[in-house]
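Taking it in order: structure first as structure tokens, then the write-up.
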Amino acid sequence: MEVLKGILKFRKHPPTSPLVETDFLKLCQQNVNSIQTLVRSGNLLNERQCQDLLLKLFRTFHSVQELLLHCGGSTDLFRRALENLYLIFEKARILVNMCCIEDDWITKAVFQIENAKTFQEILLEVGLCYHAIYEQAKGVSDARNFQQFEDLRQSSTFKPAPVTDIDLDQVALKQKLEGLVSGNLNSPKGSDRDQNREECLARYLLMTWDCISQQYQNKEFDLSSAILCMKEIEMTTKTWGKDKFIGSGGFGGVCKTKWLGISCAKKVFHGEVIESLFLKEAGILLRLNHPNIVRFFCCGSGAEGGDYFIAMELMEMNLATLISTQSRGQTPFPYPVAVDIIVQIARAMCYLHAMGVVHRDLKPQNVVVNKLTSRHLPDYYQVKLVDFGLSKATVEVSKSNTMTGPGIGTTRYRAPEAHPDGPGRVNWFKADVYSFGCTCAHLLSLKEPFENMRLGNMYVELMNGLKPEVPATCPEKLVALLNDCWDTSPNSRPGFPEICMKLEGIRHTLMRGSSPHNEGFKEELEPASNEFIQIALEEHFATWKKHISSTDGVIDLQPALDPDRIMSVNQHEPCNHRGEDINFTWDDIKAGPLLFLEEPVTGNSRDENLLESKHSLLLSQNGARNGFVEQLYLEEGGGIMATQGGGTPPSSPDEFPAGMRVLVVDDDPICLMVLKRMLQRCNYRVTTCGKGADALSLLREDINKFDLVISDANMPDMDGFKLLELVNGLEMDVPIIMMSGNGETSAVMKGVTHGACDYLLKPVRMEEMRNIWQHVVRKKR
């Protein structure tokens, strides 16, 4: 991970290469610098996640810059991908700015409670965009020369922040709210009304937080606790602003107003409303937590107990209004913009289904948007789902997803089987897929589906194969996907995880294309590209796994390893890790080697002959953050080496710089032995030290003796941080890499601020060892 020192140097002295004159690369640099300024201020909510995001964005930018320089400095071939990268970096800048608490922090806290998924979505987007750039660069480069570049896809760069950092951010926010309620928080002095508003808002947020926790534990949505008592707050402060009517629906109206000073949309249920229906929608919104689903604020009832209401996040307009505005110009959305909107809707639906919720009325009117304006790009949009009045919660695939009451939903977006003339039994997960396809067709064509057809004839026509209209220029793969969504056989329609993967493949091809935005394409996606997209999305979806209800088959998450294939060499018994995360550490390796076998060990295969094999496999895992599995090989004579994935040790690659002099410092002799063998496999010349003081003595004897130092962070006599200070103080021009088993952002930042050029997590991967020479090259530049 590149260091803050490097960021500062880059900011003061940006490269003068013609490459950096490219607008979008400059804009990405400016966004990284803006985020760095905010992070350095220290006045942030979700501070650890912001730090983590900054470091990963900087590393991505630096790698992209290196790749483009390698390709000759011309960015024409990468223009679409760089546009998308800038868009993502802009989203990241906005997110970190929303975490800045220099003014009105309590309002920002409303949006930052349990907001880790927004950070995760941005990192996923960065990873997929980087993937397109990397594959494009590899495709136009000599394969032999290209191997010198570090592939960030094999690192933790695009993985979410550590769970401990996320938890600590939430603890810090909760303590801040509790301090405001108790009066122990030193906040800027304002009017009594302002202070009362902040205290009421903090108390309400804590109450909501507790309610969300209870719902997760009970695993139910339709809870009476979804109505959080507002009466006490309404009696002590001015709660609501003036209402401005903005729309109506089947159960009442929606108005724009302010709730405790925060702009919001207030959905009011007029007349005779079944209380359970209102409670259900409020309960669903309360528990859902995704950046593409509108955020719940509060709910309650009117002064006399009638007119139930739900207050939620206010957006600029719904998608139907946006489409209508676009159609007046008779110009369709650029395909990158349209596909981006479709991807956001698909991810929201994927999350909904993973949570056991079906929407049952997906259409442009129930999708709301905010414009992301930039003078450098066409208008892009932040997209969120809304209106869960017809939704069904806690759906079980085997039972509750079928019902006999037909006619639910909106006719022009309704699946054939859900029409009044249909069979009356509906798989609502699959019906949502059909409605999604109709919504996409409306977006692409700027025309309402079946706009010239009599509604009474629709069921027969749909069953005869009638489909919504899409433009002739629409990418063929997108048309094929939509046709799958409109299959008259519900079981033949894809699920949203598959839809998301195909959409990312389409976007990948768009980013790598050089044709105008609205031109179709036929390019096939390489298997390797498709594999990375699939893995990235599966890992992303896995972050929702702990909230998945009984929707079997909605998301199929396969374990990374089959626990039955792991056995203890010492005990000759299978290890019982089923249902647990397998996370072996260096202590596990020292305590007793673990065999990773191709098949479960049975019968006479469990004998001493296994240990005599020249390359018996040891298992390790590079931390829970990236889940990247590598294998250590136990050679004859006790030597240990490492490689990625495959079944044989790697050969010594000629393309890597031979003879580079590396000093390794670690107080653990086993770790020293492993690292020495790994470095030797890369043809590096290795010197080892068990103490920081001994390493410092060697460096003082001859400052030109070593090209690079790798030091453990925690050692008893002199830790790695002190060694860094002394080396930098003596102005020794040698790059130092820190390594540790502690992957928390605070530990990484400590290494960064002490001047490390990289921070590696133990156990270190072979790929990282191969690429350490790059730090030497950069230092010499």
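Glycine is no exception: its Cβ is also placed from the backbone N, Cα and C atoms.
Note: TrEMBL annotation is automatic and uncurated.
Keep in mind the model is a prediction, meaning the values are calculated, not measured.
Sequence annotations record features per position, and here TrEMBL assigns domain 'Protein kinase' to 240-511.
Positions annotated as ATP binding site by TrEMBL: Lys267.
Within the domain 'Response regulatory' (661-777), the DSSP-based counts of helix, strand and coil residues read 52 helix, 24 strand, 41 coil. The domain 'Response regulatory' annotation in TrEMBL covers 661-777.
Summarising the environment of Asp712 (4-aspartylphosphate), the number of other Cβ atoms within 10 Å of its Cβ, over all protein chains shown, is 23. Residues annotated as 4-aspartylphosphate in TrEMBL: Asp712.
The two recorded residues, Lys267 (ATP binding site) and Asp712 (4-aspartylphosphate), have Cα atoms 57 Å apart.
The average pLDDT computed for the domain 'Protein kinase' (240-511) is 85.
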